Structure formats: structure tokens, C-alpha cells
Amino acid sequence: MLLDLLQQAAAEREAQALTRRRRIAHTACAPHQSVGAADAEPTPLLTFCSNDYLGLANHPSIAHALAEGAHRYGAGSGASHLVSGHSLAHAQLEQALASWLAPHIPEAQALYFCTGYMANLAVLTSLGTAGATLFCETLNHASLIDGARLAKADVQRYPHGDAAALDTLLRDSASQLKLIVTDSVFSMDGDIAPLAALLALAERHDAWIVVDDAHGFGVLGAQGRGVLEHLGLRSERLIYIGTLGKAAGVAGAFVAAHATIIEHLVNTARPYIYTTAAPPAVAHALLTSLDIIAGEEGHCRRAHLADLIAQLRAGLGVLAAQAGWTLGASDTAIQPLVVGDNAAALALSATLEAEGIRVGAIRPPTVPAGTARLRITLSASHTEQDVARLLAAIARAVPVAHQHREAA
Ligand SMILES: *Cc1c(COP(=O)(O)O)cnc(C)c1O
């Protein structure tokens, strides 16, 4: 019977320390957040697990723009984009995003989606038709993996960051359409894909490259335009996906690519066509978010974030070595402290929480077995004192980690 089967599966998850539980935030997304059950007094926690890298999720100007958008356009869009839901706010947002990516993609246009998950399904299913091959990096985000599963194309995988292996696969492929598919900043590791090398391969082997910049848009690049600006890349072979619920602080995502590709998505991408358009107010709020990202304030926030990343890494490298953990080689706001064992990662997360600090323990299947970790994320809304407090709490947990290791 279904419920018995599911209860057994739940018991197995529990035995492997793999049960996932949601927590309830009682206050806005911010470093200091109150968290707890709906019917109890929440606990204030210093949080290092959001993807709100620039601290814009709770920015008063953007919240105000959201309210203004609701006054102007109402609460809902009422229909999908191709029916009647496509508003002036959506069109203005797409135009702004297209001009952001224009230095990097010739004849760029942009298409706004409700979520990054849907944007990835759309790109991979619309372009990855029968006869095409998707060359997918092994550490890609789940939404790219699912897009590849749904696509009719053949799928080949290449090892993390391994341009030489990809070169061989591309050379040996007789596929009529080759698409390289990769995260830019890997979501659980924080490192950056070797995109210049991948683009050179795309040019050599007549392939295209789908780049998911969920963790780069807004944060990377001098003007926050993302990984293409950061690495100084330009090519019509680039099909770029940026998400707008992370550094941009609101919700949704967009694809930027050559106008012909965007036109094809509008006409064929089922995750675009068969869903209600996001509220126009959300797009309206994003216009303000883009202004902040591109302006002086965005610049200052990125500079402050870079200082915090350096501060954290300087302290954490030493502690990781003492405890026998591994600090991933990341220069971005995502800093993985790899503990290894699922239960040990949960225990470390619980130890920090007892000190009022929230850092998520990430376990399989989100990361490979044996690499359970604390995924520490920094935001421009953290202070140096916040980071110092995290480091001090982790330092107090190092002896505990030693005892566990000796007992094991
Ligand atoms: C978060 C994320 C997505 C999904 O974006 P949403 O807008 O949250 O659906 C896609 N790709 C990567 C790499 C992500 O981290």
C-alpha cells in the first residue's frame, strides 16, 4: 500500500540522516532572521544560507517598486504571455536585460520566465530536439539535469571543469547540433566553470553553449552583469540564463540569446507557453533592482561582499585544516565547508545553531555521497562582525569534530 511504502522510505531517509525539514521564517530575508514553528515564539538566528548575495531581497526601494507595480498593474497577470498576460512591465524588463547582455551576445534579446527552473527546462527542451546532443557538466544544477532528461536529445556528461574531456566528446560526436550545458558558478561548490576554454571548444567544434548564471548575475562583473562580463566573453554561441530571485532579490529568470533563438523559445518552449505570466508587479520591481545593481550602490555592495569573502576564507582555511574538513576552492559568495559524513554535517550545523547561527547542511543527492557540507553563503548585508561571529563559533566546534573522528 502506498502509505506503507512511503513510510518505509521515510524511515530509510531518517536512518541515513537524509530527512529534509522546512523551517518557517517569521521575518524578511536578512542576515538576522527569526525562525521557528508557526505557533511558537521564533528564535532569532544569524543566517548564512540565503542566495540574497547583494542583500536586495528586503531592500526598501525594491519593495516599494513592487507595491507601486501592484497599484499600476494589479496582483496577477491573468494569463500566459501568448494569451493576454504579457504586460508593459514584462516588456520593459526584457528590454533592459537585453541591453545588459548586448555587449556579450550579438543581437541579444531577453525572455523573462517565472523561475530559473522553468527557464532551464525551456532552453534544453526547445533546443535539445532529436538529433541534437547535450554535453552536460556533472555538477550541473538539478534544473539543468531535469531539462536534459525531458529533452529528446542525446545526453553526454563530462567531468567537473574538464575541458579536455569535453574536447574529446565533441570531437567524437557526429551530432547535427551540439549544445554544451553548464552552470557558471557551481551552486554547491562556488567555483566558476572554465567558460573561456569551453567557448573556444564551442567555436572549434561548431557547438553552442548554455550557461546558467544563477549565482553570477548581479554579483560578478564590475557592473554586475554576471559571468560573461567577469570573464570578458562575447559570442553569438552563448545562450545565457540569469535568475532574478538570488542576487537580484526578487523572483524569476531570463534567457538572453541571439534574437532568432529567443523567437524560437517564444514559439516552442512549453514551460514558457503553458504557464501564467508572473505578476507584472514583479517585473516592475525588477527594473528598480537592475538600477541598483548597475549603480553606485550595487558597486559598493559587491565591494563589501568581496571583503567579507576574503575575511571568511582567511579564517576558515586554518580552521578547516585543524578539523580535517575541506574548504572548497571558491572566490564567490558560496563557500563550501566539506565535512564528508551526513550525520557529521548535520551535527556541525546543529552546533552552530545552538549558538544562534544558521548554516545549512547540504547532503546527497544535492551533493555527491561522502561530500556532505556546510554551504556557507555570504551577503552584502552581512557585517564584518557577523562573519567574525561565525568564525568564532566554528572554531569552538573544531575540538568536537576531533573527538568524533577519534571515536569513529
Ligand atoms: C537556483 C538555481 C536555479 C533555479 O532558479 P529559480 O529561479 O530559483 O527556479 C537554476 N540554476 C541554478 C544553478 C540555481 O542555483
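Using N, Cα and C of the backbone, Cβ positions are placed for all residues, glycine too.
Cβ neighbours of Arg20 (substrate binding site) (same chain, under 8 Å, six or more residues apart in sequence): none. Feature annotation from TrEMBL assigns substrate binding site to Arg20, His141, Thr366.
Spatially close to Thr243 (pyridoxal 5'-phosphate binding site) yet at least six residues away along the chain are Thr115, Gly116, Ala119, Asp213, Ala214, Phe217, Gly252, Ala253, judged by Cβ distances under 8 angstroms. Under the DSSP three-state reduction, Thr243 (pyridoxal 5'-phosphate binding site) is assigned to strand. Per TrEMBL, the feature pyridoxal 5'-phosphate binding site maps to Gly116, Tyr117, Ser187, His215, Thr243.
Taken from TrEMBL, the feature domain 'Aminotransferase class I/classII large' applies to 45-394.
Here TrEMBL flags Lys246 as N6-(pyridoxal phosphate)lysine. Every protein chain shown contributes to the tally, and the Cβ of Lys246 (N6-(pyridoxal phosphate)lysine) ends up with 28 other Cβ atoms within 10 Å.
Highlighted here are the binding-site residues (Arg20, Gly116, His141, Thr366) whose C-beta falls below 6 Å from ligand 1: Gly116, His141, in sequence order. The highest number of surrounding Cβ atoms within 10 Å, among the binding-site residues His141, His215, is found at His215. Per Cα geometry, Ser187 is the residue among the recorded positions Tyr117, Ser187, His215, Lys246 nearest to His141 (substrate binding site). Within 8 Å of the Cβ centroid of the pyridoxal 5'-phosphate site, not counting the listed residues Gly116, Tyr117, Ser187, His215, Thr243, the chain contributes Asn51, Asn120, His141, Ser143, Asp212, Ala214, Ile241, Gly245, Lys246, Ala253. Under 8 Å, Cβ to Cβ, and six or more positions away along its own chain, Ser187 (pyridoxal 5'-phosphate binding site) finds His141, Ala214, His215, Ile334. According to DSSP, Tyr117 (pyridoxal 5'-phosphate binding site) is assigned to a helical segment. When the alpha carbons of Tyr117 (pyridoxal 5'-phosphate binding site) and Thr366 (substrate binding site) are compared, the span between them is 15 angstrom.
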